[in-house]
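Everything below concerns the one structure shown next.
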Amino acid sequence: MARGSVSDEEMMELREAFAKVDTDGNGYISCNELNDLFKAACLPLPGYRVREITENLMATGDLDQDGKISFDEFIKVFHGLKSTEVAKTFRKAINKKEGICAIGGTSEQSSVGTQHSYSEEEKYAFVNWINKALENDPDCRHVIPMNPNTDDLFNAVGDGIVLCKMINLSVPDTIDERTINKKKLTPFTIQENLNLALNSASAIGCHVVNIGAEDLKEGKPYLVLGLLWQVIKIGLFADIELSRNEALIALLREGESLEDLMKLSPEELLLRWANYHLENAGCTKITNFSTDIKDSKAYYHLLEQVAPKGDEEGIPAVVIDMSGLREKDDIQRAECMLQQAERLGCRQFVTATDVVRGNPKLNLAFIANLFNKYPALHKPENQDIDWGALEGETREERTFRNWMNSLGVNPRVNHLYSDLSDALVIFQLYEKIKVPVDWNRVNKPPYPKLGGNMKKLENCNYAVDLGKNQAKFSLVGIAGQDLNEGNRTLTLALVWQLMRRYTLNILEDIGGGQKVNDDIIVNWVNTTLKEAQKSSSIASFKDPKISTSLPVLDLIDAIQPGSINYDLLKTENLDDEEKLNNAKYAISMARKIGARVYALPEDLVEVNPKMVMTVFACLMGKGMKRV
């Protein structure tokens, strides 16, 4: 199993698992460390069985016969043994290792009796982050501050308020505050808040397919932590993007184009940022945020490089005390380093133990937070750079990208065009709309250096072929090369048809397979409005009346009577700001009554017919379920 075919998320999990077994931190797993792992996990296994499993793992994993398992060999063990009894026991042992709490699974997805594990370290880190983020929010006083050493977090998310607030901190204005139920909560109003949180999380690109409101109400730890990590990460990564932070151009390497830099994921940009500063400090580069930072030395030098030097008005210098580097003990050294980070206001996400164990998820968050506060980069002057190429993504592009990510495509889509250039994500979307993909025809990464693009082009040709012949899409004038080269107009034409089909499929499933088109949706909307004695109606998805959002709001009130507070709305002679105000309320209310709406308020104000169609289709789905 090559590293290239393992997703970033999975690589993170594997590094975490590896770090738990590799107790001496030398980068290898020995036979003794495997024995210790099974002892520490207290699994009900006889001694001879532990010996057998250990020998089996060493025999399978130690490919170069050097008496120890490297990280690359460890990846192969995990993938090669996925279904065997040995692997199951091995995974169970890792999950039960210190700092990991194992709990019985009870959700519909997991039959009772299976084990779901969650990380105490993550819980501790997230609680401290949320406490700080919401410490001054009057709506959260009933739960903040939470105690990181108890299960406060899992109870605190149960009413949906904290989740809604954290989503808005990560992507401001996602949720209209007027739609959050805050006072005298009942089981029904709590359910509404949780609908609002889950559907809004989905709209910002969180994968929430297996999470229900009930899971959050019950505070299921592994689901709560999984959702919170996605929300927090989206917020941390928001500005690690060239169009939003032009100073990142300072990270361009010799012979590299702006386009190359724009293709990097936030994780890759963070690694490059750290190495840029380490290089300036004359230090060794790092290749990851786990094993390479365990001794805290890279962190020390990074802090020294980014700390304010006193050369900017109003920002006093902070001189990093490097004496802790001389500490012999790793934990002690990490603690001294974190005390210096605290002087910068950046002691977040990691404890000294998390650093020494190389917890990849929490160290990534620590670095991202440090970058956001002290990037210490300067936009290069006089460089021959096409600043015009730096335009950010359009709202429509962002909506498509968030939709894909919310469905759990792998790898995650950070840049719509470059991340679709091998069509792997497109194939996954075909499967979501019930178009069968012959995976034997698909080339998978890692692609060879020579001829790699040809492999991607073959994928793109197959993707266009599937669209034309299986999905029956209208793809006139679109060739595989257009997807491969990231032609905006033609890529969007395919992506829109994928999203449209996905939306209509949901309606057809609810309606027992009955075919649905635009006219059927418009007729349903008007009939529903009329039956509820509402005065509004729409002629099509281009109807100018939609810019007031009143037809949408009336439809929501028709589906769930009494849900809309009309006192909050302006209904006549609206200016642009009032239209936007209505639209924000409408989109959040649609999500609150249970419609998974991806469109943005601006789509209603500008009457973007594509996105307007998805709003009405999602509401129709909700309305049909009610019948």
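Each position is counted from 1, following the chain as shown.
Backbone N, Cα and C atoms are what each Cβ position is placed from, and that goes for glycine too.
What Swiss-Prot lists as N-acetylalanine is A2.
The phosphoserine annotation in Swiss-Prot covers S5 (among others) and is backed by experimental evidence.
Residues annotated as domain 'EF-hand 1' in Swiss-Prot, with sequence analysis given as evidence: 9-44.
The phosphoserine annotation in Swiss-Prot covers S30 (among others) and rests on a large-scale study or a structure entry. The Cβ of S30 (phosphoserine) lies under 8 Å from the Cβ of G67, K68, each of these being in the same chain and 6 or more residues away along the sequence.
Among the features that Swiss-Prot reports, domain 'EF-hand 2' is placed at 49-84.
When secondary structure is read from DSSP and collapsed to three states, K68 (Ca(2+) 2 binding site) falls in the coil class. What Swiss-Prot lists as Ca(2+) 2 binding site is D62, D64, D66, K68, E73, and the listing cites sequence analysis.
Here Swiss-Prot flags K88 (among others) as N6-acetyllysine, drawing on similarity to another entry.
Annotated region 'Actin-binding 1' per Swiss-Prot: 106-379, in sequence order.
Counting residues of the domain 'Calponin-homology (CH) 1' (120-236) by DSSP class, helix then strand then coil, yields 76 helix, 0 strand, 41 coil. According to Swiss-Prot, the domain 'Calponin-homology (CH) 1' annotation covers 120-236, on the basis of sequence analysis.
Look at Swiss-Prot and you will find 264-375 tagged as domain 'Calponin-homology (CH) 2'. Here the domain 'Calponin-homology (CH) 2' (264-375) has a mean pLDDT of 97 out of 100.
Listed in sequence order, R15, E16, A19, G358, N359, P360, N363 are the same-chain residues six or more apart from S290 (phosphoserine) with CB atoms under 8 A from its CB. Look at S290 (phosphoserine): DSSP puts it in coil. Summarising the annotation, Swiss-Prot assigns phosphoserine to S290 (among others) and lists similarity to another entry as the type of evidence.
What Swiss-Prot records for T291 (among others) is phosphothreonine. When Cβ atoms from all protein chains are considered, those within 10 Å of T291 (phosphothreonine) total 20, not counting its own.
For K294 (N6-acetyllysine), the Cβ neighbour count at a 10 Å cut-off comes to 22, with all displayed protein chains included. Annotation comment: Swiss-Prot describes K294 (among others) as N6-acetyllysine.
As annotated by Swiss-Prot, N6-acetyllysine applies to K297 (among others). Around K297 (N6-acetyllysine), the same-chain residues six or more apart in sequence whose CB sits under 8 Å from its CB are C283, L325, listed in sequence order. A helical conformation is recorded for K297 (N6-acetyllysine) in the three-state DSSP classification.
The N6-acetyllysine annotation in Swiss-Prot covers K361 (among others). Sequence-distant neighbours of K361 (N6-acetyllysine): residues of the same chain at least 6 apart with a C-beta under 8 Å from its C-beta are M12, E16, E122, W229. In this structure, K361 (N6-acetyllysine) is part of a helix by DSSP.
Feature annotation from Swiss-Prot assigns domain 'Calponin-homology (CH) 3' to 394-503.
As a summary of secondary structure, the domain 'Calponin-homology (CH) 3' (394-503) carries 66 helix, 0 strand, 44 coil according to DSSP.
Considering only the recorded positions K68, K472, K579, the Cβ with the fewest other Cβ atoms within 10 Å is that of K472. Between T291 (phosphothreonine) and E73 (Ca(2+) 2 binding site), the C-alpha separation comes to 15 Å. Other C-beta atoms found within 10 angstroms of the C-beta of D66 (Ca(2+) 2 binding site) number 10, with every protein chain shown included.
Candidate recorded positions: E73, S474. Fewest other C-beta atoms within 10 angstroms, S474. Counting only the Cα atoms, the space from E73 (Ca(2+) 2 binding site) to S474 (phosphoserine) is about 46 angstrom. When the Cα of K294 (N6-acetyllysine) is compared against those of the recorded positions D66, K472, K579, the shortest separation belongs to D66.
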